[in-house]
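Novice: There's a structure below that I have some questions on.
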Amino acid sequence: MFLQNAWYAVAWCDEVTDGIVTRKVLGRELALFRDGEGQPRAILNRCPHRFAPLSLGKRIGDAIQCPYHGLHFGPDGRCVHNPHGDGVVPDVATPTFPARERHKLIWAWMGDPALATDDIAGGEYGYLDDVELDLLPRGHLHLDCDYRLVIDNLMDPAHVAVLHDSALASEALIRAVPRVWREEDVIRVESWAPDSKPSFLFGAWLGNHDDPVDHWVASRWQAAGLLSVEGGVVAVGGDREDGLRVRGAHMITPETETSAHYFWAVVRNFREDDAEQSEQIRATTAAIFTGEDKWMLEAIERSMDGEEFWSLRPAILGTDRAAVMVRRALESEIKAEGRPKVVAVSAG
């Protein structure tokens with residue numbers, strides 16, 4: 001089940017330069033490239049003549065030359081040159097998808113182009129714009145699991161205490177009762193642990209593992225797979241804005257029904273210009289996501305063995321409320337998208 005009319009992250013901006021990048025999104029393989037003005041373009045990676053992957057071809061000016069028979073396709077997907085015979089250009093095109101460059105990422109809109117919005121996630125990822133690209137801890141992870149399992153994971157503060165016990169766990173956060181609420185099309189969950197010891201990573205960043213702090217973790221979801229997760233600590237009784245904070249952007253893009261792309265980046269409000277600190281955060285985050293989250297989510301996918309999530313009748317804990325709300329909201333949006341539109345006709 002995929003939401004078509006939504007923006008999906010498909011590449012980091014510096015991945016798409018002079019060549020052609022391929023990425024499968026919602027079961028369709030895209031060819032990503034930049035036109036002569038440097039704007040990102042996304043077309044179906046399939047020549048409409050004999051179905052050769054266009055990504056195996058060459059860039060010639062604004063066009064891509066098919067590697068099989070040499071037809072040229074422009075940024076709008078239309079054939080613009082036929083090298084054979086009388087040179088008559090066939091009236092054919094490969095499908096195109098709206099593409100944007102925002103917040104250091106390339107995004108593609110997989111649904112109706114007329115419905116593509118100008119903004120992405122309501123500008124939520126604007127905090128990525130304030131960090132130089134070479135100082136931004138970031139990555140792209142491929143997972144062999146349903147994309148909704150990844151979203152469940154990010155909206156579930158309870159798993160941190162067990163799966164990430166060595167780096168992120170906090171005894172007080174384990175006992176905290178998450179607050180869950182909805183603001184229009186955004187669902188949020190937050191856990192608050194006052195007067196408690198920091199997790200290992202926050203203790204390391206503070207340089208103090210023993211003194212109590214007020215600790216929090218908060219997640220935000222917006223369709224289809226756009227999430228932010230913030231963790232922070234502040235002196236007991238202090239203002240959260242004065243605390244030490246780390247904020248993660250998590251963009252989940254379905255590849256197929258059982259695989260996904262996970263784009264992530266982390267910003268912080270301490271030692272922001274320290275390249276060594278950035279690399280330490282990148283390496284630590286990548287190790288956690290790869291060695292713990294990816295490992296677990298792919299194991300869950302295998303364990304489910306192709307069964308539909310709700311058909312397995314999962315036990316629901318109190319800490320699952322946010323993840324369940326998101327699943328229901330996403331299911332509702334997908335169903336609404338598939339319904340025929342009702343057009344009112346006035347009586348004549």
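Just so you know, glycine gets a Cβ as well, placed from its N, Cα and C.
Just lifted these from Swiss-Prot, have a look:
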- 7-108: domain 'Rieske' (DOMAIN)
- Cys47, His49, Cys66, His69: [2Fe-2S] cluster binding site (BINDING)
- Asn153: site 'Plays a role in the stabilization the metal coordination' (SITE)
- His159, His164, Asp293: Fe cation binding site (BINDING)
- His250: substrate binding site (BINDING)
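Tell me about the setting of these features in this model.
Specialist: His69 ([2Fe-2S] cluster binding site) has a Cβ environment of 13 other Cβ atoms inside 10 Å.
In the three-state DSSP scheme, Asn153 (site 'Plays a role in the stabilization the metal coordination') is classed as helix. Contacts of Asn153 (site 'Plays a role in the stabilization the metal coordination') defined by a Cβ separation under 8 A and a same-chain sequence distance of 6+ are given as His159, Asp293, Met296, Leu297, in order along the sequence.
The secondary structure of His164 (Fe cation binding site), as reduced to three states from DSSP, is coil rather than helix or strand.
Under DSSP, His250 (substrate binding site) is assigned to a strand (E or B) in the three-state scheme.
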Novice: Under 8 Å between C-beta atoms and at least six apart in sequence, can you list the same-chain neighbours of His164 (Fe cation binding site), or say none if there are none?
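Specialist: Within the chain, His164 (Fe cation binding site) has Cβ neighbours under 8 Å at Ile288, Glu292.
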Novice: For the domain 'Rieske' (7-108), give the DSSP counts of helix residues, strand residues and coil residues.
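Specialist: Residue counts in helix, strand and coil order: 3 helix, 46 strand, 53 coil.
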Novice: Highest Cβ count within 10 Å among the binding-site residues His49, His159, His250: which residue is it?
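Specialist: The largest 10 Å Cβ neighbour count belongs to His250.
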Novice: Whose Cβ lies within 8 Å of the mean position of the Cβ atoms of Cys47, His49, Cys66, His69, the [2Fe-2S] cluster site, other than those residues?
Specialist: Pro48, Arg50, Ala52, Pro67, Tyr68, Gly70, Leu71
